[in-house]
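These features come from TrEMBL:
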- Asp177: active site, proton acceptor (ACT_SITE)
- Asp130: Mg(2+) binding site (BINDING)
- Ser175, Ile176, Asp177, Arg212, Met219, Gly220, Arg221, Glu275, Arg303, His309, Val310, Gln311, Arg312: substrate binding site (BINDING)
- Arg488, Arg584, Met591, Gly592, Gly593, Arg673, His679, Met680, Gln681, Gln682: beta-D-fructose 2,6-bisphosphate binding site (BINDING)
- 29-334: domain 'Phosphofructokinase' (DOMAIN)
- 419-704: domain 'Phosphofructokinase' (DOMAIN)
- 419-786: region 'C-terminal regulatory PFK domain 2' (REGION)
Amino acid sequence: MAFVGDRPDFVVGREGEEIKRDSYKDQGIAVFTSGGDSQGMNAAVRAVVRMGLYVGCRVYFIKEGYQGMCDGGDNFVEASWVSVSGIIHKGGTVIGSARCMEFRERPGKLKAAKNLIKRGITNLVVIGGDGSLTGAHMFRTMWADLLEELLKNGDISEAEKTKHSHLNIVGLVGSIDNDFCGTDMTIGTDSALHRIMECCDAISATAYSHQRCFIMEVMGRHCGYLALVAGLTSEADYVFIPENPPPTNWHEILGDRIKSARAMGHRLNVIIVAEGAIDQDGNAISCEMVKKVVVDETGMDTRITILGHVQRGGAPSGFDRVLGSRMGAEAVLALMEATPSDEPCVISLAGNQAVRVPLMQCVLRTQAVTKAMAEKNWAEACALRGKSFLHNLDNYNKLISLKPPQITEDAGIARDGFNMGVMHVGSPCCGMNAAVMAYVRQCICRHDVVKGIHDGFEGLLEGNVEEMTWSQVTGWVGQGGAFLGTNRTCLPGPNLPKVAEAFRTHKLDSLLIIGGFEAYQAILQLYEARGQYKEFCIPMCVIPATINNDVPGSDLCVGVDTAVNEITEICDRIRQSAQGSKRRVFVVETMGGYCGYLATIAGMAGGADASYIFEEPFGVEELQRDVRHMATKMNEGVQRGLILRNGYANSNYSTEFISKLYSEEGKGIFTVRTNVLGHMQQGGSPSVFDRNMGTKMAQKVINWMSEAMRKNRQTDGSVHCESRQTAVLLGLRTSKYMFQPVDELKSAIDWNHHLPKDQWWLKLRPLKAILAEHKEDVIYTALNNK
Ligand SMILES: Nc1ncnc2c1ncn2[C@@H]1O[C@H](COP(=O)(O)OP(=O)(O)OP(=O)(O)O)[C@@H](O)[C@H]1O
Ligand SMILES: O=P(O)(O)OC[C@H]1O[C@](O)(CO)[C@@H](O)[C@@H]1O
Ligand SMILES: [Mg+2]
């Protein structure tokens with residue numbers, strides 16, 4: 001979705017057609033949430049309402065899911081712009097949800113159909129899990145038949161039947177389980193993982209103190225996604241999931257694993273059990289059973305913690321708020337663009353893109369997983385869950401198999417492998433340690449030697465280099481900052497001879513730099529100096545890791561997700577601080593260098609009224625317009641305003657200037673307070689996404705590095721390579737990880753501001769504006785058109 005050329009009151013739908021504001025005047029849309037609630041449902045509801053109003057529809061809530069649809073009456077409520085104010089940060093669903101037996105049966109569906117027809121509603125946005133969407137699919141399949149019966153019973157007229165002959169349905173997958181085939185992530189899963197990870201971190205602390213073994217049950221009646229990802233990102237000793245039951249002798253394996261870990265000096269063990277875990281025969285594996293095995297096999301002091309509904313509660317993560325917002329807006333456009341011959345669709349996430357996938361296809365695939373599990377075809381069940389599931393499973397198995405007992409530090413690891421350097425360049429960020437941990441362990445497994453270079457190039461020049469060990473990186477995945485130390489200012493360029501000498505001294509066969517824009521610059525400088533220094537003719541790679549999200553060649557950097565969450569949470573708290581006080585506007589300054597990603601995405605997640613960034617030039621006109629807009633909102637009952645400003649947005653229109661402007665112009669209407677967030681954005685506990693991304697990227701680099709070193713091994717055993725394909729950056733582009741020569745990325749950069757020329761997220765800004773917009777007469781100009 002984007003604005004069209006110089007006509008900002010038009011948006012373009014996904015298919016390229018123009019949709020004018022009010023182009024669907026008086027169409028009726030209803031939105032409802034169904035099944036288990038999930039964090040982010042409110043963001044989706046808000047987006048459906050506001051995008052629906054933008055295109056001119058009448059929007060209705062159906063309260064309490066299918067139950068409300070069957071019951072009718074007060075459960076149908078017309079929505080307004082204000083009715084979804086102040087809900088984006090709330091967990092659960094403000095319009096209520098239910099599991100409804102009545103709707104499963106024909107009489108229930110008849111009642112629901114009649115209630116819709118009587119209100120002229122034939123456009124539905126269903127937000128729910130696999131069950132809710134399956135129900136929607138059945139409802140639509142039976143629609144013509146239901147209408148026939150309603151007519152026969154005299155419940156509707158012939159005219160009503162003709163007018164409502166077609167039911168349009170678009171589904172949004174809202175469920176913490178991530179069990180619906182066809183989307184990478186369901187709305188709520190990321191937040192549930194946040195909750196689980198907070199608990200894992202907390203449990204680990206008490207487990208450490210008492211040297212205990214903890215068995216944690218996480219949700220997922222039929223799906224092991226939550227357990228799997230939680231296990232991977234908390235370095236759990238064992239994970240039980242339904243799709244991939246453990247070997248029949250799991251009792252012994254589990255016992256041995258725990259005993260070996262203790263022999264290595266580990267003070268604690270964590271075992272994660274999915275609620276729906278089963279064995280090879282399909283029998284449930286409960287926490288009690290696992291506890292008995294642990295106690296019998298090891299005699300360990302063992303405790304069970306069942307997380308339960310805690311996982312579905314609490315504030316949604318930044319990711320879920322943005323996901324819900326994007327999906328909700330896209331659902332409205334999909335409904336409006338649908339023709340009677342179109343199949344109903346589900347709005348799903350493929351990489352960074354919102355895409356429309358046929359509902360029926362997703363339902364059938366989701367049902368196929370159930371069938372595969374019933375037939376004990378585990379490989380098929382895992383494959384049907386999708387690429388991301390398989391990837392996590394593979395990663396988990398590799399990390400686990402990397403752990404003792406197979407490999408111990410004193411087991412005589414061959415020292416004739418490659419010497420692989422790893423360091424950080426740039427500012428620290430969350431997820432860096434996870435990447436180092438995964439890299440180190442897998443190198444050791446391949447019998448390579450990892451040279452950990454402390455404090456970037458400064459450390460290298462000072463000889464601060466050590467061989468890294470297995471146990472050294474235990475527990476690193478969940479830790480923020482950069483244990484290896486990092487340095488932003490010392491680049492190799494001015495010190496090439498000394499850097500070359502250090503490469504020689506440490507006999508480096510490859511180099512991985514995990515860091516920000518400066519990490520990219522460093523590898524580029526080394527690559528460009530290959531002609532003078534043969535020491536730099538080794539495979540080199542960058543993993544982009546910075547909260548700025550300004551590294552070329554990658555849509556996302558490690559560390560960004562944690563920063564977005566930090567900012568989003570702080571904004572929630574800042575806004576809440578003004579509860580009960582008079583109308584107030586907060587001006588919040590975020591980090592990001594020249595990149596406006598954080599201000600934009602955290603602004604979208606926090607429901608900000610405006611966000612000022614360098615990429616979208618603004619001047620007095622825009623500022624005046626926004627101040628007036630804020631005043632209008634306040635006059636109409638909105639109590640608090642939130643303005644985000646990226647630190648480098650404009651050197652003249654500083655944070656202080658903007659605060660003063662709002663203050664002066666808002667006199668008598670609202671007061672203004674300023675917050676400069678600073679380094680708290682870099683800190684905190686790494687989000688699950690960043691832990692996972694760091695681990696995943698390191699895994700990919702290992703494979704690439706090993707192949708590059710092997711291919712370029714000389715007869716004397718040294719490594720020598722010159723091609724541009726051997727100095728690369730690993731980036732996430734749309735939904736693919738790609739190794740791109742650093743040299744090729746040079747032309748994709750605005751070197752004056754250290755920014756990629758093409759930034760995918762800028763296309764989200766018009767949506768952000770629509771969702772924050774209030775008055776009909778306020779027309780936003782879109783960035784893309786400037
Ligand atoms: N086959 C079906 N036919 C009609 N309605 C269904 C069907 N399956 C589910 N529904 C309706 O959807 C509701 C929610 O389904 P379910 O309890 O499976 O939750 P869900 O949407 O899968 O969410 P989650 O699993 O995340 O809690 C059911 O209570 C029922 O009203
Ligand atoms: O709230 P209820 O009905 O107990 O639902 C619990 C179930 O909901 C889910 O969390 C999905 O929302 C399942 O994983 C879990 O088994
Ligand atoms: Mg379900």
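Cβ from N, Cα, C; glycine included.
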Could you say which of the binding-site residues Ser175, Gln681 has its Cβ with the most other Cβ atoms inside 10 Å?
Ser175
Show me the subset of Met591, Gly593, His679, Gln681 whose Cα is within 10 Å of Arg312 (substrate binding site); these are the binding-site residues I mean.
none
Around ligand 2, within a Cβ distance of under 6 Å, which of the binding-site residues Arg221, Arg303, Val310, His679 show up?
Arg221
Spatially, which candidate from the binding-site residues Asp130, Met219, Arg221, Arg303 is nearest to Met591 (beta-D-fructose 2,6-bisphosphate binding site), comparing Cα atoms?
Met219
Whole-number Å value for how far Arg488 (beta-D-fructose 2,6-bisphosphate binding site) lies from Ser175 (substrate binding site) (Cα to Cα):
41
Arg221 (substrate binding site): nearby recorded positions from Asp130, Asp177, Arg488, Gly593, His679, Gln681, Cα cut-off 10 Å:
Asp177
Euclidean distance between Cα atoms of Gln681 (beta-D-fructose 2,6-bisphosphate binding site) and Arg303 (substrate binding site), Å:
35
Work through the binding-site residues one by one (Met219, Val310, Met591) and point out the residue whose CB has the fewest other CB atoms within 10 angstroms.
Val310
If I take the Cα of His679 (beta-D-fructose 2,6-bisphosphate binding site) as reference, which of the recorded positions Asp130, Asp177, Met219, Val310 has the closest Cα?
Val310
On average, what pLDDT score does this prediction assign to the domain 'Phosphofructokinase' (419-704)?
93
The record names Ser175, Ile176, Asp177, Arg212, Met219, Gly220, Arg221, Glu275, Arg303, His309, Val310, Gln311, Arg312 as the residues that bind substrate; what is their largest Cα to Cα distance in Å?
32
Write down the Cα-Cα distance for Gly593 (beta-D-fructose 2,6-bisphosphate binding site) and the residue listed as 'active site, proton acceptor', rounded and given in Å.
36
Of all the recorded positions here, Asp130, Asp177, which one's CB has the most other CB atoms within 10 A?
Asp177
